[in-house]
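Chemist: Starting off with a structure, shown below.
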Amino acid sequence: MNKIKVGVLGATGAVGQRFVQMLQGHPWFEITALFASERSAGKRYVEACRWNLRGDMPESVREMPVLACEPGPDCQIVFSALPSETAGEIEEEFAAAGYVVCSNARNHRYDEDVPLLIPEVNPEHLKLIEVQKRKRGWSGCIVTNPNCSTTHMISALHPLHIRFGVRKVFVVTMQAVSGAGYPGVSSMDILDNVIPFISGEEEKMELKEPQKLLGLFDGERIRYADIVISAHCNRVPTRNGHLEAISVEFEDRPTQEAIIDAWRAYNPLPQQLRLPSAPRPAILYDERPDRPQPRLDRLAGSVPGMATVVGRLRPDPLLHYKFMALGHNTIRGAAGGSLLNAELLVAQGYLGQASAVLAESAVMA
């Protein structure tokens with residue numbers, strides 16, 4: 001069967017390049033359109049894009065023309081790596097024109113009718129799409145993924161929340177410079193330094209994203225989960241990989257062995273469906289006393305950069321337990337998260353029966 005045609009909005013930026021890289025050779029998707037700013041529109045991709053990822057720019061996209069961010073090209077899905085300054089209106093235009101928009105931008109994350117999705121955590125929130133289409137009169141839709149730090153934290157907490165109920169969380173993040181985009185943080189600011197402030201980051205982790213992700217769909221909206229979170233967010237001089245120190249209090253205090261068992265037994269829907277970008281297992285527990293580490297573990301797992309690595313689990317004298325969690329911020333925390341969202345949409349038939357058949361046949365193969 002033919003692959004599903006996709007486009008990338010903001011294709012020349014750091015996350016846009018990661019989308020392009022991850023879509024190469026994808027079993028279901030084929031890039032047919034690259035979109036960027038008016039400054040880049042009309043150029044060949046190789047002319048418009050300063051490629052900053054390891055390895056060469058894929059040959060299949062080098063000569064593709066860069067298009068203005070306007071609906072019209074022949075594709076079903078667009079992946080949005082647009083900056084928040086422009087993403088909101090452009091994404092709405094594409095959704096209204098019938099495209100499925102899988103967005104990494106923050107603009108629509110808190111919209112009542114827009115799914116904020118981690119496929120392992122809350123796949124049932126995709127039911128919001130029907131509410132969204134009905135309310136807005138769109139033939140397409142918008143689905144978002146959360147902030148990178150929230151993604152790694154909630155991915156580690158979700159199997160524990162299912163079994164034991166999470167009540168309180170205290171988290172300190174050590175976030176890589178790539179999270180600020182390119183060119184990002186000045187070298188004079190970050191070398192020999194840690195910056196104890198990332199604008200808007202703590203509010204995302206404390207007040208909205210986790211509560212929506214862990215909330216319940218009531219048929220019209222998401223009823224936010226009642227979880228208290230306190231966050232300190234820091235920029236550190238590592239290139240990729242966000243490391244988080246997490247302390248947690250449960251409704252019922254489990255044993256340390258029960259927590260490890262919850263992580264190791266975790267087998268959520270994307271893994272059951274064997275989606276192409278779903279790591280198996282979703283969570284890797286590392287027993288070594290000095291792991292996980294960004295340089296050593298950010299690409300761990302069956303799909304490099306898509307798994308969450310946890311370790312250093314031990315009792316916490318203030319709450320119940322504490323541990324470290326690591327995730328790749330530009331893969332799982334950005335482009336890879338949107339890509340997995342799109343795969344789940346296909347597998348569950350949101351792009352039509354033919355797309356669902358494609359997904360099923362690929363999995364069976």
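Placed from the backbone N, Cα and C atoms, the Cβ positions cover glycine too.
The domain 'Semialdehyde dehydrogenase NAD-binding' annotation in TrEMBL covers 5-129. Residues annotated as active site, acyl-thioester intermediate in TrEMBL: Cys148. The feature active site, proton acceptor is assigned by TrEMBL to His242.
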Chemist: If you draw a 10 Å sphere around the Cβ of Cys148 (active site, acyl-thioester intermediate), how many other Cβ atoms fall inside it, taking every protein chain shown into account?
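Modeler: For Cys148 (active site, acyl-thioester intermediate), the 10 Å Cβ neighbour count is 27.
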Chemist: How many Å lie between the Cα of His242 (active site, proton acceptor) and the Cα of Cys148 (active site, acyl-thioester intermediate)?
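Modeler: Their Cα atoms are separated by 8 Å.
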Chemist: Run through the Cβ atoms and count how many others sit within 10 Å of the one on the residue listed as 'active site, proton acceptor'.
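Modeler: Here the count is 28.
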Chemist: Please state whether DSSP places His242 (active site, proton acceptor) in a helix, a strand or coil.
Modeler: strand
Chemist: Quick check on the domain 'Semialdehyde dehydrogenase NAD-binding' (5-129): DSSP residue counts for helix, strand, coil, in that order please.
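Modeler: Result for the domain 'Semialdehyde dehydrogenase NAD-binding' (5-129), in helix, strand, coil order: 38 helix, 27 strand, 60 coil.
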Chemist: On the three-state reduction of DSSP, what should I expect for Cys148 (active site, acyl-thioester intermediate)?
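Modeler: Note: Cys148 (active site, acyl-thioester intermediate) is helical by DSSP.
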